[in-house]
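Participant: TrEMBL lists these features:
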| type | residues | note |
| --- | --- | --- |
| DOMAIN | 1-316 | domain 'Acyltransferase 3' |
| TRANSMEM | 35-53 | transmembrane segment |
| TRANSMEM | 65-87 | transmembrane segment |
| TRANSMEM | 107-131 | transmembrane segment |
| TRANSMEM | 138-156 | transmembrane segment |
| TRANSMEM | 168-189 | transmembrane segment |
| TRANSMEM | 201-221 | transmembrane segment |
| TRANSMEM | 233-252 | transmembrane segment |
| TRANSMEM | 273-292 | transmembrane segment |
| TRANSMEM | 298-316 | transmembrane segment |
Amino acid sequence: MLAVVLVHTLTNMIVSGMGSRLWIPANIMETISQIAVPLFYMISGVTILNSSKTRDLKYLFKHRLVRIMVPFLIWAVISAFFFQIVGDGFKLDVIIKKIAMMYNQPVITAFWFLYPLIGFYLLSPAIKFFVDAANKTVINYILILWYITNIFLPGFVTSLPPEAGTFFVAYGNGLMFLSNMGGYFLLGYKLSNIKKENINVKLHLSIFSIGMLVSIIDLYIVHRYALQQKPLASFPASVLIPILAGSLFLICKKYEGRYPEKLQAVIEFIAPLTYGIYLVHGIVVALVQSVINPMNYVAVFPVAIVICIVGVWVMSKIPLVNKYMM
């Protein structure tokens, strides 16, 4: 979640700051942070699909969905009021319309992340039955199919001129059972069942390092020379995301339980706060950017992340707030 906050503090510099000495570092950090959401989905897949409680529909609706839906809805309403008031002034009809349209589109762009997550939660009992019964060959087949239809071909399409890319755009109903982000949940589950002793750290460090370098160079060239509409622009970076996320996941799994004590303590402190940080970060970043130049992400990010962590930690100590808003 910290990487998600970072990305949202980099946006102004990446879009409007070309020529600034901070523009290249912003592009590099934005590229590295692209794997943050896939990693979160993968971790969610590990947690949900390896749990015996996932088959229980009562547990799903009484606990899991309530745990993510109630805070999401509350903060969506708060965000709708906040951004309308600071943006265009208080207009109740506009705010109500934004809230009413929540099923159609997120109240704020940052909340897009929750829609695939909620969908995964809703389908998790069925997916759990599937993975428990499926063999490795079937799971690999689903992942390969997902990669081709949702990662490779879309990346290929966006890297081609519009008149050529049309030939590779899938008919909408043709992919009704495949989800763009859904494959990451299954990928996380698959990788979580690889034994630590079978993980080749040197191999995955090499894959991650080389792949990330290729992505950084690719996106830098595309942004620097405005090549978004040129053939194969951004294609390497887009198709590498699942591979990079998978390699980093396996590296972290290999060293699980062997992190330095101080790092482990920080992780254990922040981990329970991550969902709350995600929900409040849009408002916090906007407030910080109203005081600090939005282009100065070097100052905006640390201030915003400290406020998010401290604020969510304080709110988590209030039982009612922690139960319904965190």
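Even glycines carry a Cβ here, placed using N, Cα and C.
Please treat TrEMBL annotations as automatic predictions, because they have not gone through curation.
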Participant: Average pLDDT across the domain 'Acyltransferase 3' (1-316)?
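Facilitator: Overall, the domain 'Acyltransferase 3' (1-316) comes to a mean pLDDT of 88.
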Participant: Near the transmembrane segment (201-221), which residues from the same chain, at least 6 beyond its ends, have a CB less than 8 A from one of its CBs?
Facilitator: 24, 27-28, 30-32, 34, 227, 233-237, 240-241, 243-244, 247-248, 250-251, 254
Participant: Cβ under 8 Å, sequence separation of at least 6 from the ends of the transmembrane segment (233-252): give me the contacting residues as numbers and ranges.
Facilitator: 31, 34-35, 38-39, 42, 147, 151-152, 154-156, 158-159, 183-184, 187-188, 191, 194, 199, 201, 204-205, 207-208, 211-212, 214-215, 218-219, 222, 227
Participant: Under a criterion of three or more Cβ pairs within a distance under 8 Å and sequence separation of at least 6, are the transmembrane segment (65-87) and the transmembrane segment (298-316) in contact?
Facilitator: no
Participant: So which residues does the transmembrane segment (107-131) touch in its own chain, when a touch means Cβ under 8 Å and the partner is 6 or more beyond its ends?
Facilitator: 4, 8, 37, 40-41, 44-45, 48-49, 51, 54-57, 60, 64-65, 68-69, 72, 76-77, 79-80, 83, 98-99, 139, 179-182, 185-186, 189, 278, 281-282
Participant: Going along the chain, which residues at least six beyond the ends of the transmembrane segment (298-316) come within the CB cut-off of under 8 Å?
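Facilitator: Distal contacts: 2, 5-6, 9-10, 22, 270, 272-273, 276-277, 280-281, 284-285, 287-289, 292, 322, 325-326.
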Participant: Take the transmembrane segment (273-292) and find every residue of the same chain, 6 or more past its ends, with a Cβ under 8 Å from one of its Cβ atoms.
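Facilitator: Beyond its ends, the transmembrane segment (273-292) has Cβ neighbours at 1-2, 4-5, 8-9, 12, 68, 71-72, 75, 78-79, 82-83, 86, 108, 110-111, 113, 299-300, 303-305, 307-309, 311-313, 315-316, 325-326.
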Participant: Give the nonlocal contacts of the transmembrane segment (35-53) in its own chain as ranges (CB under 8 Å, at least six residues past its ends).
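Facilitator: Distal contacts: 1, 3-4, 7, 59, 64, 113, 116-117, 120-121, 124, 127-128, 131, 181, 184-189, 191-192, 241-242, 244-246, 248-249.
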